Amino acid sequence: MKSTLSLTLCVISLLLTLFLAALDIVIVVTLYDTIGIKFHDFGNIGWLVTGYALSNAVFMLLWGRLAEILGTKECLMISVIVFEIGSLISALSNSMATLISGRVVAGFGGSGIESLAFVVGTSIVRENHRGIMITALAISYVIAEGVGPFIGGAFNEHLSWRWCFYINLPIGAFAFIILAFCNTSGEPHQKMWLPSKIKKIMNYDYGELLKASFWKNTFEVLVFKLDMVGIILSSAGFTLLMLGLSFGGNNFPWNSGIIICFFTVGPILLLLFCAYDFHFLSLSGLHYDNKRIKPLLTWNIASNCGIFTSSITGFLSCFAYELQSAYLVQLYQLVFKKKPTLASIHLWELSIPAMIATMAIAYLNSKYGIIKPAIVFGVLCGIVGSGLFTLINGELSQSIGYSILPGIAFGSIFQATLLSSQVQITSDDPDFQNKFIEVTAFNSFAKSLGFAFGGNMGAMIFTASLKNQMRSSQLNIPQFTSVETLLAYSTEHYDGPQSSLSKFINTAIHDVFYCALGCYALSFFFGIFTSSKKTTISAKKQQ
């Protein structure tokens with residue numbers, strides 16, 4: 001039985017690491033205008049979120065496999081280090097390409113933090129308490145969602161946008177130290193975990209690096225244990241799709257050869273990934289280290305209806321939430337010309353309802369074990385709320401009122417879909433621990449992919465809508481070759497939210513909101529087919 005102190009330290013470390021990853025996702029929302037104008041590249045500004053979220057998503061499954069081999073604590077600490085390196089690159093960048101590269105590295109580390117924090121958190125408590133643990137982690141996530149843009153806006157206005165990335169360094173270091181000394185398994189030998197690891201590193205025979213056998217073994221581990229072929233195929237496929245969405249209509253015409261190539265080769269690579277993992281590795285009968293080779297994503301996990309439907313519902317919810325949260329801030333920055341700090345306060349209109357929803361769902365789940373009703377309730381709130389969200393016109397009371405239901409929808413779905421996936425794995429399964437890690441990683445992968453596509457799709461819809469309106473307008477303003485120069489002009493010549501140019505920007509933002517409505521409408525069809533399984537509750541609670 002884990003001691004109270006050990007459990008408390010473990011939970012604190014998980015809350016800090018997850019807060020760190022969530023903070024980095026949303027802190028850049030208020031930087032769109034500043035960085036887009038500074039680097040003269042508003043067309044690719046969506047990659048501030050997408051660059052992070054894409055690498056966050058595609059490597060989520062890899063961290064799950066690494067955790068099976070190296071251990072969850074070790075991988076969680078490594079992911080924090082990688083995340084810090086990415087944050088430092090972003091803070092020191094002097095071009096959009098370098099900044100996006102830093103975001104990609106940070107996303108790689110963040111994927112380990114997000115997936116493994118939930119794995120550790122939900123595995124150190126009983127099944128009927130998982131909802132409470134997910135709530136604690138989700139609240140940490142939601143708080144970061146709320147304060148992140150506010151902190152980003154304050155740094156952007158009073159210091160520099162670079163401090164939005166520097167802030168991750170001390171927080172990450174503090175989380176790393178606590179994690180290094182906390183016990184995530186309850187086993188006594190972990191108390192001396194850090195000194196033993198340092199000693200092992202110091203005493204390692206680095207002469208092995210010069211031997212062919214070392215590199216042969218490394219290659220075999222990468223291919224057979226980590227499924228590097230599957231990682232390359234899936235990450236390349238998703239990246240090409242994202243590049244097509246980002247460059248289409250901005251850098252290249254939609255009917256250009258390179259865009260067609262992106263949208264052709266990308267899906268082909270994803271199909272090859274599915275064929276390799278689901279068919280070739282499963283039927284080949286290959287063995288490594290006396291064990292059957294297991295693909296990164298097994299067909300048993302991906303084809304499980306309960307896991308698939310809940311993960312897709314989570315994907316669509318995160319897709320919609322990214323569109324709504326990012327462009328709610330943009331509405332107040334670009335149309336009403338509020339400072340980044342004041343504009344970011346409006347995110348609390350979504351975050352507070354989401355926080356309340358996660359706590360309510362956790363209570364109901366721990367008491368009654370229900371999951372599916374929370375998902376269905378969430379998607380219905382998402383449909384109605386997203387419809388109201390498209391009516392926001394800048395009035396404070398209206399903005400607050402119309403944000404309640406979308407916030408509740410996100411909070412309900414984010415938590416309940418993870419629980420719905422996890423209950424598909426029974427505790428008496430002989431391979432329970434590994435399957436539990438895989439299912440949690442797959443669910444987190446789907447949600448991160450939703451954030452990635454949401455950020456990219458939002459930028460694409462916004463720029464395309466604005467360009468189409470300007471092309472058919474009769475405004476007496478200079479001709480602009482890019483959206484970023486147009487937005488810079490609107491800032492320098494701002495003449496109120498009712499001006500023709502502000503109305504064009506307002507319409508483009510609302511087109512993004514309509515896309516969020518479509519996501520929730522689609523999520524309804526997956527939500528109603530999620531599993532009806534409940535979490536196990538103790539006999540004492542049932543009485």
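Glycine residues also receive a Cβ, built from the backbone N, Cα and C atoms like all the rest.
Feature annotation from Swiss-Prot assigns topological domain 'Cytoplasmic' to 1-8, 63-79, 125-131, 184-227, 277-300, 363-373, 421-443 (among others). Positions annotated as transmembrane segment by Swiss-Prot: 9-29, 42-62, 80-100, 104-124, 163-183, 228-248, 256-276, 301-321, 374-394, 400-420, 444-464, 509-529 (among others). Summarising the annotation, Swiss-Prot assigns topological domain 'Extracellular' to 30-41, 249-255, 322-341, 395-399, 465-508 (among others) and lists sequence analysis as the type of evidence.
Residues 278, 350, 375, 378-379, 382, 386, 406, 409-410, 413-414, 416-418, 420-421, 423-424, 435, 438-439, 442-443, 445-451, 453-454, 457, 515-517, 519-520, 522-523, 526-527, 529-531, 533 of the same chain lie 6+ residues outside the transmembrane segment (301-321) yet bring a C-beta within less than 8 angstroms of a C-beta in it. A contact between the transmembrane segment (9-29) and the transmembrane segment (163-183) is present, since 3 or more of their C-beta pairs, 6 or more residues apart, lie under 8 Å. With pairs at least 6 apart in sequence, the transmembrane segment (509-529) and the transmembrane segment (374-394) have 3 or more Cβ pairs within the 8 Å limit; the two touch. The stretch from 104-124, 228-248, 256-276, 400-420, 509-529 with the most CB pairs below 8 A to the transmembrane segment (444-464) is 228-248. Same-chain residues lying 6 or more positions outside the transmembrane segment (80-100) and placing a CB less than 8 Å from one of its CB atoms are 17, 20-21, 24, 35, 39, 41, 44, 47-48, 51, 106-110, 112-113, 162-163, 165-166, 168-169, 172-173, 175-176, 179.
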